[in-house]
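Taken verbatim from TrEMBL:
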type	residues	note
COMPBIAS	7-24	compositional bias 'Polar residues'
COMPBIAS	44-54	compositional bias 'Gly residues'
DOMAIN	135-193	domain 'SIAH-type'
REGION	1-60	region 'Disordered'
Amino acid sequence: MRRSEIETQFSTEVVTETEANQQAVAGEASSSRRKRQRLPSIVQGGGGNGGGTASGDQNIAGDEEMTVVRSGTLLDLDLLDCPVCCNALTIPIFQCDNGHIACSFCCTKLRNKCPACALPIGNYRCRIMERVVEATVIPCLNAKRGCTEKFSYGKELDHEKECGFALCSCPAQNCNYSGVYKDLYSHYDANHRGSSNRFWCGHSQCACVSVSGGILVLQEYRDGPLVVVQSFKEPQGVYVTANCIAPSAPGVGKFSYKLSYSRGCKTMKFEPGEMNRIQKVSFHTPEKDFIIVKNERTLLKSSENVPAGNISLTALPH
């Protein structure tokens, strides 16, 4: 669909004000506004010159105040994006004398010069477009997975970053499963139990990871959260990090933790505080929140007779 085309569908319904408040906003994006209308009284007619009511014997005295709810569906949400930066329009919205619009950020960036016609822009608000944006309500991107939140256009992006129904990917090798975090934990417990270790919050857990891009998945007992311990080999040493697979939703997968590396009588400790939450395992060397082990060929050998070193993880509810 071209950006210049506007496709809308409208429906009009006369309802009482109580019923109007109970109506749900439906569709990909919708807006609604109520108008009060005073309906003319219906008076029973007399004589043979017509004028009877629909019922024939009812007389409704006085005027009844009703509410008209009008709603529509916008099929192309790109029409509500700034034509300059293509980001969602947010209030305030400005227009030039020729009617071209731009968001406040673009007006400042362009030094108040309209990119379409070079006229000044940034002094006059486009009130009608502001009302359209403000009245447009869209559901969360994760509505199909159970999220019931709805937002004014453009404000849903902040929510989706921490939505509890966001997809999380399985960390098991060659597994393409993705789902809501609770479903993922159950999936991993049912299908990959043999490839993970269990841990208890508050108890130290030894992590066995390879020096060359190793990964170890730990799962809390009883289908609990998944914690991924990874190592990354770099010229200056081996980077070790731990992340919890969970969305950034409040109260989900929040752990404080500490990593420690011990070899002989020497011990290195790293306590960054809250554990990072990720939705998918990354194989890029981390830029923060890691412990670095210098000049080690192996972090841990399975043989207890000749251990090269131990990586331990302790996780606590945050």
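Counting begins at 1 with the first residue displayed.
Quick reminder: no glycine exception, Cβ is built from N, Cα and C everywhere.
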Per-region confidence, the domain 'SIAH-type' (135-193) (mean pLDDT, whole number): 88
For the domain 'SIAH-type' (135-193), the number of residues DSSP places in helix, strand and coil: 21 helix, 10 strand, 28 coil
